[in-house]
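Annotated features, as they stand in TrEMBL:
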type: ACT_SITE; residues: Glu204; note: active site, proton donor
type: BINDING; residues: His16, His18, His201, Asp294; note: Zn(2+) binding site
type: BINDING; residues: His18, Asp20, Gly174; note: substrate binding site
type: DOMAIN; residues: 11-348; note: domain 'Adenosine deaminase'
type: SITE; residues: His225; note: site 'Important for catalytic activity'
Amino acid sequence: MISPEQLVEAPKVLLHDHLDGGLRPETIVELAREIGHELPRSDSAELGQWFVESADSGSLERYLETFDHTVAVMQNAEAITRVASECVQDLAADGVVYAEIRYAPEQHLREGLSLEQVVEAVRAGFEHGMANAERPIVARQLLTAMRHQARSMEIARLAVAYRDAGVVGFDIAGAEAGYPPTRHLDAFEYLQRENAHFTIHAGEAFGLPSIWQAIQWCGADRLGHGVRIIDDITYDETGEKAELGLLAAYVRDRRIPLEMCPSSNLQTGAATSLAEHPIGLLAKLRFRVTVNTDNRLMSGTSMSRELALLAEAFDYGLADFRWFAINAMKSAFLPFDERLTIIDEVIKPWYTKALAG
Ligand SMILES: O=c1[nH]cnc2c1ncn2[C@@H]1O[C@H](CO)[C@@H](O)[C@H]1O
Ligand SMILES: [Zn+2]
């Protein structure tokens, strides 16, 4: 059994975490008071509980409604910088050594900030967070475009403009049903022409067609969630041998990283229980699986907690966590040499020592 302390200490890599889904409840209360935003609960502990319970709706659309309150308090540069810095420090305290944190710049313009000012505010917060974290961490931005809106081309251009200033990629998020990835095809084609990286939320609230479009039409480097790839896997009559459909085989053959977020999937109804979460089977079949938090506030979770839950459900141990961490680091949008440095100098030495001891 791995102790909770060892789980925190273990180097972890996080590819899928929303900035506006990971605020500290105390910070929300303080920021809301400053701007006169009304919250459903005024006590921070109760507010934290409110987010988890409200996000526990079984539907992605209702889960997303809880973001109204976090986005509302992230409309000026100081607030955004504070949230970004605290995010990085919280992840570092939990033993995350590399993180890609995403948010949608277009949602932070209500009080007059420009898209560029939003990215700069997050950048300042990440710099501050990295400098003040209790353990070393590297944090980078992913810029998200909202899939029901029509600003993806603009956000893609923003991601390219800031590629040397802390932004390593692009994403689309929001309600999946009714908003297929191809709606934003021009943005993805533009990013490919620019040699830029992107991931797409797909196969969470909608099935295989969404995953297929994300990969085969849009050219996604990675899949956000991707749990429904399981619908393309069947078993033979003995129940022993898995048979992969063409899409599942393609995803596995091409080593397309799956950014899996177990607790979040239970809340939105993308999975029915942890024991039945597709991550168990997909890991066994050696898909390029990674473990992620999605929204720490809405799920009341952390990286070490997600790993603890998986350890309980699937009997995972340190060797599995090492595999997840290396899978994720290999799949990061950071330049290759920087990825290797973290694998060789941070992840491998720690696990080698822990596994030997
Ligand atoms: O699991 C998810 N699926 C789809 N969209 C999401 C998920 N979590 C958060 N967001 C959406 O992404 C925006 C930018 O961070 C959030 O405001 C939320 O609307
Ligand atoms: Zn997400």
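Placed from the backbone N, Cα and C atoms, the Cβ positions cover glycine too.
As the structure is a computational prediction, the values presented were derived from the model and not from experiment.
Each residue in Leu19, Gly21, Leu64, Phe67, Val71, Arg102, Tyr103, Ala104, Gln107, Thr144, Ala173, Asn295 lies on the same chain as His18, Asp20, Gly174 and has a C-beta within 8 Å of the C-beta centroid of that substrate site, without being one of the site residues. Among the binding-site residues listed (His16, His18, Asp20, His201, Asp294), His18, Asp20, His201, Asp294 have a CB atom closer than 6 Å to some atom of ligand 1, in sequence order.
Taking a Cβ distance under 6 Å to any atom of ligand 2 as the criterion, the recorded positions Asp20, Glu204, Asp294 reduce to Asp294. For Gly174 (substrate binding site), the same-chain residues 6+ apart in sequence whose C-beta sits under 8 angstroms from its C-beta are Leu64, Met146, Arg147, His148, Gln149, His201.
Look at Asp294 (Zn(2+) binding site): DSSP puts it in a strand.
Less than 8 angstroms from the CB of Glu204 (active site, proton donor) sit Leu60, Glu176, Gly224, His225, Gly226, Val227, Arg228, Asn265, Thr268, Ala270, each of them six or more residues away in the same chain. In three-state terms derived from DSSP, Asp20 (substrate binding site) belongs to a helical segment. Residue annotation for substrate gives His18, Asp20, Gly174. The furthest Cα pair among them is separated by 13 Å.
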